[in-house]
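Shown next, in structure tokens, is the structure this report addresses.
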């Protein structure tokens, strides 16, 4: 009986036999407090001219990233530099989580609950006492005995054992590191695909005819229209969506697509400079978006808690949710391809012949909710969810082994791994390059169209405009109506854009 009791106690200690509602609750509380503390320090770092916590700065400097940062600064890679800072923020958040788990383990151990509460929402079915004793269970650390006795004397059990808390700690760390690695891998592979388009940019500049004579061309003779336009009507609309779905798997962006969207962007935002370096601008905009993708936002932690809560024995939750990022990725790729088809449709519907080059009209109306940024949030969630699946698999494999009940059966494991690989490759080589160019077809350009010194100038103008507005509010005499600060800033913004477009020759 003594061996059986030790075995049963050791069984209850493992995370695989801990109710999911306890794991999800403890994880949500610790992550919430850590996020709040990290945001407070981030805010204090902005409003305070001197370092708030010098020890944190010393710890971050010890991460050996200063050399990389100085290199990025010398090469004027501001977007990548900020992305690296975002990685350091994530590492600091992990430090907060680790510290909080260490500090709060005594409180968690002293929190007692009735034993009957631990019989609900279990990841694995509890084995019989004699079976566990025969297998030989892992014993608690000696320092856990007094805390266990504290709850046992009350006829209750601790909320979460030290072993389960330690395993949860390791999983959160593995998840964050896996997400950062997979995000970097996606950007590297996607960037390699986008760099192949550089030769198209070079060829376009070489073949630019300038202000030569313009001939009248039937709209159906343009390669862009022939590839993307599928006719008018309900049947053609369905055919267009089906074609967009298939198109993301092969030749997602062709040379005619690139040339047409490039010209549409230039004629909308940089009409005065047909030799505008569109490829360089597109790469800079993608690098700026990378710092948003590499981080783990608060709403992603909510999904982690929900997934942990639903990991109940027999539900095969992680198998079913592995299809969620794949479905979203296919939907995003189809939508991006369909935006290109809509650009072709708008031209073909309005014109039968065109004088000169084919020019499309960028518009936010082509995107979900009229916001191209929605696509970035979906890609962020897809990459995080895929990293969650892969991190969970390797964490279970190294912690419990392949035959653990929490690993699930082989028919459920293999599809999850295959889906993870497919998502990583499809997102890197198709969806991300599509996002980089198609989201430039919105109504507005991104601030990366400016050089860094012009961006700083605009920020300075905005600050001065706010100061003048505050001074004008304090003035007693009411003067004639003037343009508001937002109007002046918009005028300066457009003027700076025109100057930048005239100066931004390809490099």
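Backbone N, Cα and C define each Cβ position, glycine as well.
In TrEMBL, the transmembrane segment annotation falls on 374-397 of the listed ranges 374-397, 446-469, 470-493.
Between the stretches 146-167, 168-189, 190-211, TrEMBL puts its transmembrane segment entry on 168-189. TrEMBL assigns the feature transmembrane segment to residues 318-336, out of the candidate ranges 261-279, 318-336. Counting residues 6+ beyond its ends, the transmembrane segment (20-37) has Cβ neighbours under 8 Å at 93, 96-97, 100-101, 104, 108, 118, 120-123, 159-160, 164-165, 168, 172, 298, 301-302, 304-306, 308-312 in the same chain. Counted over residue pairs 6 or more apart, the CB atoms of the transmembrane segment (318-336) and the transmembrane segment (168-189) come under 8 Å in fewer than three pairs, which marks the two as apart.
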